[in-house]
Amino acid sequence: MTTTQGAGGDWLRNALDLERVLARIREQAETPMGADRVAALAPPLPDPVSAQALGREAETLLALGAGLAGAVRVGRLARRAARGGVLDAGELAGVARTLARTETVRAKAEPGLTPGWAARLGALALPGALREAVERVVAPDGSVRDTASPLLADLRARQRRLWEEIDGILAGILHSPHWAPYLQEPVVTERAGRRVVPVKVGFRNKVAGIVHDQSASGQTVFVEPMAVVDRHNRIALLLREETAEIERLLTELSRAVGAEAPALEAVEEVLADLDVALAGVRYGQGLDGRWPRLGGQRFLIRSGRHPLLQDPVPLDLAVEDRRPVLVITGPNTGGKTVALKTAGLVAALALLGMMVPAAEGTEVPLYTAILADIGDEQSLEQNLSTFASHIARLVPLVRLADAGARPLLALIDEIGAGTDPDEGAALAQALVERLAAAGVHTLVSTHFGRLKLLAYEDPRIQNARVEFDRETLAPTYRLVLGQPGSSHALYIAARLGLDAALVQRARELIGERGQALEGAIEAVGTLTRRLEETERELEARRRDLEAEEAALRARITRWEERRQAEEERLRVQWQAELRRLREEVRRLAAQVEASEGKARFQALEELRRTLREAAPPPPVAGPPGPAPALTVGVRVRIRGFEDPGVVQELAGRTATVEVGGMRIKLPVEELELAEAPAAARPRGGGRTPATAARMARVSPEEDVRGLTVDDALAVVDKFLDNALLLGLDTVRIIHGKGTGTLRRALNAWLAHDPRVAERRLGGPAEGGDGVTVVRLKG
């Protein structure tokens, strides 16, 4: 993430308050190299899109607990060590700590979540052996470990023993009755690395030892008793040996660090970039910032906020290639400059790959430069007036626009100010027209009336105003797009008590045309405000309707889920009942076959009753009609059933009817004439749960000619169920000859059907190859 100096240099950073914003981001950095890199940032970066992608990944790393606190400039230290410099223990501890932080964050940077940082961190050749070597010698707090070498351990152990002996001797002195009169107080203190006791100055000659210091009052001398002088001397010699050993160890480690200079420089570079990204995310999250959409032809800010203001009023604005210029008008201190700075900061932070203080949906083009003329201080060093300093900052803008640099963002505060108003207004209009023609996205603030009118003449220019409350004489700081604003100078003067005649004279000097213009502007503003209120009401109503619609859809969804659950429950219940009925029909059919005489008739009656219970009520309920006039051979139907039968015998009020290959005796009152053959059953379509009535509509044969294989299998499947339900032993399936595809598919399917005992093609009298005869299992 290299830095570049954007057009406008330090002036741009100050004009947009970017310097102060970067200072706050710098406070979020955890490393010195990251902090320095933040301070040097200037928009735009060479590749803001890639920078933002790394920033988004840094947000993920931050959520995973990644941090770089304690990392140091290992590249700089390595370069010094490579030149022969010796690093102290604290610097070496920083090297080890930085390598540890790098390994930790690299482990968190998974390719699936953070591919950019995973690649950059994964490419680092971390010198693990160097880190281990440093950590063996140096503790995290920067001290050299006792275990750094056997010699160092021995030297320090000998020193500890001598200090213990010294402490014992001095403790004896403090508690000795002989010494008590000479001591100022019974304590041990230290001077020049040697332990001493405070002796009253009058008894100096009573105590054998070396005087190291005297109190400020002169009443106390600090004496090193002779009994410990030799031990102190031996400790001093051991300390010199310890220092030499430590110097040797640090020199060796420094050489090892210098040998890894290229790797450590790469580590510092990556960590600096990562620290910048993490700092930007921390700052952005603190502002409730969002990631803007980069690229495109529209500069769109949604609820933008100046990050340095307390409780800023959100800013909404839009400029695009077809309408690149926005002219902002309104009273002084009304927020025009704040609007320009807010827009500039949003664009600048976006082009640095960072979050912006705005809402979701903010869009920022990939500007090649941001140019700003905000502020009116004079340049005393260059002897420039206010007007001249403005022009000096506009010159590079015009040159870039004329050179075809695209896209550009220009922010101009009080355009044309600082000179004769007529000339300034003319110059301002000429500049605005040039920038509009060049397609430069331009935001200008002004009090010039001719620029307000320009938007009505030039479709490339649009007006905006900062809102002003005429009741409180205070600005609301809200930017209203699409309408010009008034300076309200005369109105404010009159409300504040300026002489009415004076104000009236000022109005006369403005002239009727000027007053008419201001009046028209005010009228447009009033109408626009009313329109906005209506739009807000409609928007609120739309949201309410959407909420109601969503609630209704949710209710429908819940109802549909309950309906489906109920259907599933009934389907399972029906399947269980169907299985029970099949078993019952099989049992009764077997009982009919095994019975004779009255028992057979009773079994048939029970079978008929079971089938009748399984059938639904007839479509039109009512009492049974009169018994029909029957003769042998007439076609009839059993009431409640659709399949016709033929009367075979008549015996008084009892008829024997053959239906579906079965003969059934029943009262003639339960029969009705079948005037025409039953309509062919529908073919095709998906199988639905069969009703009991359709279970009864079965004949010994099924015709599936003309159906697709899937439809034919569905029909045959149902046909076999119904045949078993009625206890049929043998059935015929008419499939036709044709290409043989349907016949082969049916036979392959029947071969695995557990209901089929055997199957064969029909004989010459049965339809030949166009028919399959199936015998069912009992």
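Cβ atoms here come from the backbone N, Cα and C positions, even for glycine.
Automatic prediction, not curation, is the source of TrEMBL annotations.
Now, the feature entries from TrEMBL:
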BINDING   Gly330, Pro331, Asn332, Thr333, Gly334, Gly335, Lys336, Thr337  ATP binding site
COILED    517-598  coiled coil
DOMAIN    703-777  domain 'Smr'
REGION    677-697  region 'Disordered'
Query = Just how many other Cβ atoms lie inside 10 Å of the Cβ on Lys336 (ATP binding site)?
reply = 27
Remark   = Not counting Gly330, Pro331, Asn332, Thr333, Gly334, Gly335, Lys336, Thr337, residues with a CB within 8 A of the CB centroid of the ATP site are Ser445, Val466, Pro475
Ask   = Going by DSSP, how much of the domain 'Smr' (703-777) is helix, how much is strand and how much is coil, in residues?
value = 30 helix, 18 strand, 27 coil
Ask   = What is the average pLDDT across the coiled coil (517-598)?
value = 76
Ask   = Looking only at Asn332, Thr333, Thr337, which of these binding-site residues has the biggest number of Cβ atoms within 10 Å around its Cβ?
value = Thr337
